[in-house]
Every structure is written in C-alpha cells, then in structure tokens.
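Per TrEMBL, these features apply:
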- 17-34: transmembrane segment (TRANSMEM)
- 46-70: transmembrane segment (TRANSMEM)
- 91-115: transmembrane segment (TRANSMEM)
- 149-169: transmembrane segment (TRANSMEM)
- 181-200: transmembrane segment (TRANSMEM)
- 220-243: transmembrane segment (TRANSMEM)
- 255-277: transmembrane segment (TRANSMEM)
- 306-335: transmembrane segment (TRANSMEM)
- 347-368: transmembrane segment (TRANSMEM)
- 389-407: transmembrane segment (TRANSMEM)
- 427-446: transmembrane segment (TRANSMEM)
Amino acid sequence: MIVKDVNQEREQWGSKVGFILAAAGSAVGLGNLWKFPYVAGKNGGGAFVLVYFIILFLVGFTLMLAEIALGRHTQLNAIGAYRKLREKWAFVGGLGVLAAFMLLSFYSVVGGWVINYVIKSVTGGLNVSDPEVLGNMFGEFVANRWTPIIYHAIFMLLTLLIVLGGVGGGIEKASKIMMPALFGFIILLAVRAVTLPGGIEGVKYLLVPDFSKINMEVILSALGQVFFSLSLGMGCMITYGSYLGKDTNIPESAVIIPLCDTAIALLAGLAVLPAVFAFGFEPAAGPGLIFVTLPAVFSQMPLGNLFAIMFFILVLFAALTSSISLLEVCVAYVVDEWGWNRKLTTWTLAGLIFAIGVPASLSMGPWADIHLLGDRGFFDTYDYIVSNWLLPLGGLLLCIFVGWIWGTDAAIKEVTNNGTLEFKLRGLWVFLIKYVGPVAILVVFVRSLT
Ligand code: PHE
C-alpha cells in the first residue's frame, strides 16, 4: 500500500519547545562548529561578530520569519507551499529540495568521519600529540576506498532511523535529547578551554574587535555564513514550519532560533580557540581544525580523553540534528506530493542520497583525479553548487516571493495569527524582506560567481 490515506491528519510538533529545539538543531551544525570560530577569528574577531549580528538580524531573522510563515500557512512541504500559493513558483521549492538532497549526500560523508572519530576517541586512538601524525591519520582515513563509505552508510542509517519515527516521535524526540546534551557539552568544553593557562589569547582572537579587517569580502562571508548556519534558502524552515499549529508565535520563534544558533557558534569559538592557542597551535580552517588540531590539543590536556569523547559526540549530535532536517525536506515533498507512505519514502530517499554521496567520499581518495567543475572533484562540486548557487538563489527568490508575489500583507496576516498577535517589527520586516534581503543576497550571489 503506497497510497497515503487522504484523511490522515498532518502530523504536528508535540510542543513549542520541541519545534524550537528541532529548528535550532537544524541550524546548529558543522557550520557552527568548524567554520564560525575560524572565520570569526580570522576576519577581525569581535568586529566580525558584530557584523555577523547585524546581518543575523537584517537577513537571518527576516528570512527565518518568511520561511516559517510560508510553511505554517500552507501546511505543506517546500514545493507544495509555493505551488499552493502560485503554481509557477513551485520550482523555487524544487531548488530547495534539490539543495537539501545534494547537501545531505556530502554532509553525511562528513557525518561518517565524525562517527569514526567518536569511536577513535573512545578507544584511545586519538591519544597522539603530534599534529603531523594526526594529519596523516586523517588524510589516510578519508582517502581510503571503503572505510569512509561504510561510516557514511552508518550516518545515513542513523538519520533515516530518526526520520522514520516521524515528526513528533522521531525528529522532535531526538532533538529534545541531543540538543540539551550538545548545549551542556559545549558549555563544559568552553569553560575548560577558557580557563586553560594561555587560553585568554583565544578569547581575544575571537572577541577583541579589529575593525581594520572589515571589508566587503568579510561582510559577504558573514552573510554566507548566516545563511548556511540558519539552514535558510532550501525549504528546511518551510518544512518544519508546516508542522506548526496555528497558535504558535512565529515572530518569537524567528528570534529565538537564530539566537540559539549564534550562541552555540560563539560557544564553539570559546571551546575551540582558547584551547588551540593555549597549546601553541594555529587555528586551521574546516576539517583540519576538528579532526587534526583539536585531537592534538585534547591529548595534551588533563582529562583530555574525556573532553575528546565529549567533543566528538557533540559534533555528531550537531550533524545529526541537521541531517534529519535535510532528509525531512525531501521526505515531506514525496509524501505530500506523490502520496507515498513515509516508510517507503524515507528508505528510498536515504538510499538514493547515500548513493549520490559515494562519489563524494571517493573523491577524497581513489577518485581524487576526477574533476567535474574546473578542478573540483565530486565533493567540492556538490558543495559549490549548493553553497554558491542553490542556497543564494533559493534565498533571493524566497524574498521576492514573500515580499512581492504572495505579498507582505498576507504574510503578516499569517505571522500575527490573523491580527491577534502583536508583531512590533512588522514595518521593519516588510522593508527588509522587500528590499534589503534581495539586494544583499544578489550582491553575494554575483560576487560568488565572479
Ligand atoms: N545549518 C547547518 C550547519 O550549520 C547546515 C544546514 C544547512 C542544515 C541547510 C540544513 C539545511 O551545519
């Protein structure tokens, strides 16, 4: 039986907190943990954080509100939401589903690496203080033909098992366990790092403003970071918003979710940078930071093994709460629009996404010489298409759609629960979604292509 019972009610979040935790879980991910600390430190510390906050408010909050409103209003997946309001705009939702599909395929490869490092930290395999040795260990691991694919499969399987449980029983329940744990771990790690002798240098790197470093490029990278970090532009928040009841306070959620995300990003900075500086390392970008530099740091810290385990579990939780939102975007589409049942849909999509991710994994080693776009292999090509094309395009079209096509009056009606809720920032929000959002995103988009 693959045809859905049409009388079946759409599932809803069990509670307001459940929704916030799930949405914040989608937002908090690898972007917060391995990108934010490094990008912030490099680009002027506190000055970058300030710019980030301004953009968070101007664009992050604005688009978050728009996506959630679109989802709750239509009670549909990303494609269905656009289609229900304007048939011709369904393709924008399509870009989102495609983006989620592609992003998950390589996000899961990295998720697999994280699982491997959880195991390594538990079995003592990371008790190495020489970053060169750790670098080689990481390099050899990802370049392996089969091992990373097996871990990629395990990560996909975990994602699938949660999504199979449904919205309330799967996603919400998992988020309610993983998010508080993640929060607790990151606070412990931050306190430990900041109190290390010499740790203060890392705090300074992150927070002391150097305004001379702020230029157009830095502002653009802050915008890109806000976008990715808040899971905007690919219909995640439309999908999660579609499971909301009509009585929730959307403006409040659209403020709380970005604040949670930023709090975790800042805490990640405080957990990572002081530790890196205290042991005389240089903060590296991306995977190098969490898979090479940090294990070296932990191995020299008292009780370092414990902190390493805690750290990799927290990274895993962050990655999983994001990956389930990506899978849900795709699942919701197929269930809503094609009428498939949830179980079959979830297994099929997870299988396809896994398969698409295999070349991304292989491109780290055996297929390193295969180039698709320019000198990019599979992994980098997926990343490039999603981050430089699909996300900005999805965000831009979202602004235009909500600001000009569906219209801000209709959106505000939804956001204020038919005028019964106060929405103090409405005038500002209208201006932001109609003008500031589209222009800002357009500038980033054009820049990233040149
Ligand atoms: N926000 C997630 C992160 O920071 C990534 C993500 C993007 C997840 C878009 C879902 C949708 O890692």
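Cβ from N, Cα, C; glycine included.
If you look at the transmembrane segment (255-277) against the transmembrane segment (17-34), you find at least three C-beta pairs under 8 angstroms, all six or more positions apart, and that counts as contact. Most Cβ pairs within less than 8 Å of the transmembrane segment (220-243), among stretches 46-70, 91-115, 347-368, 389-407, belong to 46-70. Between the transmembrane segment (91-115) and the stretches 46-70, 181-200, 306-335, 347-368, 389-407, it is 306-335 that has the most C-beta pairs under 8 angstroms. Using the rule of three or more Cβ pairs under 8 Å, pairs at least 6 apart in sequence, the transmembrane segment (306-335) is not in contact with the transmembrane segment (46-70). Cβ atoms under 8 Å from those of the transmembrane segment (181-200) belong to residues 28, 264, 267-268, 270-275, 277-280, 301, 307, 310-311, 313-314, 317-318, 321 of the same chain, restricted to positions at least 6 beyond its ends.
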